[in-house]
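S.K.: Below are the features listed in Swiss-Prot for this protein:
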BINDING   Asn11, Lys18, His175, 203-207, 278-280, 326-330  ATP binding site
BINDING   Asn11  Mg(2+) binding site
BINDING   Arg86  substrate binding site
ACT_SITE  Asp143  active site, proton donor/acceptor
SITE      His175  site 'Transition state stabilizer'
SITE      Arg236  site 'Transition state stabilizer'
Amino acid sequence: MTLNPTVLVINCGSSSIKFSVLTADNCEAVISGIADGIGTEKPFLRIDRVTQFQLAKWNYSDALAAIADELDKRGLSKSISLIGHRIAHGGEIFSESVLIDDRVVEEIKKVSPLAPLHNYANLHGVGAARQLFPGIKQVAVFDTGFHQTLKPEAYLYALPYRYFREQGVRRYGFHGTSYRYVVGEAASFLGFDGSDCGLIIAHLGNGASLCAVQDGKSVDTSMGMTPLEGLIMGTRSGDVDYGALAYLARQTGQSLEDLDHMVNKESGLLGISGLSADMRVLENAYHEGHEGARLAINTFVHRLARHIGGHASSLRRFDALIFTGGIGENSSLIRQLTLEHLAVFGIDIDHAKNKRLQHGTSQIITTARSRVTAAVIPTNEEKMIALDAIRLGYAQQGTVVLEAVI
């Protein structure tokens, strides 16, 4: 039996491996899952949110081997023709996706100190996949790549210049794969000329950021050298005065490592609310009058609206605001509160459309008289990674599959 070719997409995190298998002809999802708890005593593998297995071992190689075994049991292993890897940080070396070879692996290692928690995990996944699927072309897709079009005035920190020159300390930005996908979808859905429009895209999830896109290129973004900067997130503080951290260190005796853990794991929505990092939990509590939840959501929205206003100044023209990501796509409350903050831009929300949005669909949520269009457009990072794998992996062969997908 001849199997239709598929693309395996791998995203290795600090303690998990997310994976998807997509058809190579139209990038439809065939199967997806997650190996979680890597590095703990109780790792498990869940497939399609239903089937769950305990894993006997808990490193990346064994977890990926278990994933490969499950794919083989389902008759999918032999269909895999390409593999795409999400890589967190490409530094200044990688501005676009690349086919993986030994040289590329070494270059990724060079920039990995910029994102040690994620890049080394990504590299474990690359190494394991190259062993498990020898001979299959693999592609690295960088979360920072889309933002390599930022100008120096947008990416430099006002620190002594030598730290940028010698250590690479600058703003890089993240969620680039999501932004690339949404930019393409926005042009077709909204009927814009992608080479002549100004967008602000709000990728709102447990990690959250903004990107100002002018004529299809990133010109500003809220995350910085790490994903900590910018918006309030689930457990990350976002922007915080360094002086406040220095004060805490002096007053409490906490170390740099203690403070780093605090701003990344104990802050954000969780820190303010004292209840949860999950926006769904906070929204329920918000409507029930929970003081901490209301404060967390109002502070989240204020920070978001303030950053949107700032990002607008990086555009030549502000045509549309796009909400995406888990919160952006599913929270009518956050969209409503944010747009109400942005009335100064002439944004006029259509409350009925905002509340009636069907899950997984794109929708304009402003009225015809709104000076700036606001819309919800679902992201699909796995599809974007698969498309890059197809574009690069089949390029040398001139395969018709590429033409069918693109």
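Each residue, glycine too, has its Cβ placed from N, Cα and C.
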S.K.: Would you say which of the binding-site residues Asn11, Asn206 has the most Cβ atoms within 10 Å of its own Cβ?
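M.R.: It comes out as Asn11.
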S.K.: In angstrom units, rounded to an integer, how far apart are the Cα atoms of Glu329 (ATP binding site) and Asp143 (active site, proton donor/acceptor)?
M.R.: 20
S.K.: For the recorded positions listed here, Asp143, Asp278, Glu329, which shows the highest count of neighbouring CB atoms within 10 A?
M.R.: Asp143
S.K.: Relative to the Cβ position of the residue listed as 'substrate binding site', how many further Cβ atoms are located within 10 Å?
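M.R.: The residue listed as 'substrate binding site' is surrounded by 22 other Cβ atoms within 10 Å.
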S.K.: So which binding-site residues out of Arg86, His175, Leu204, Arg280 end up within 10 angstroms of the residue listed as 'active site, proton donor/acceptor', measuring C-alpha to C-alpha?
M.R.: Arg86, His175
S.K.: Could you state the CA-to-CA distance between Arg236 (site 'Transition state stabilizer') and Arg86 (substrate binding site) to the nearest Å?
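M.R.: So the Cα of Arg86 (substrate binding site) lies 21 Å away from that of Arg236 (site 'Transition state stabilizer').
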S.K.: Give me the CA-CA distance between Asn206 (ATP binding site) and the residue listed as 'substrate binding site', in Å, as a whole number.
M.R.: 18
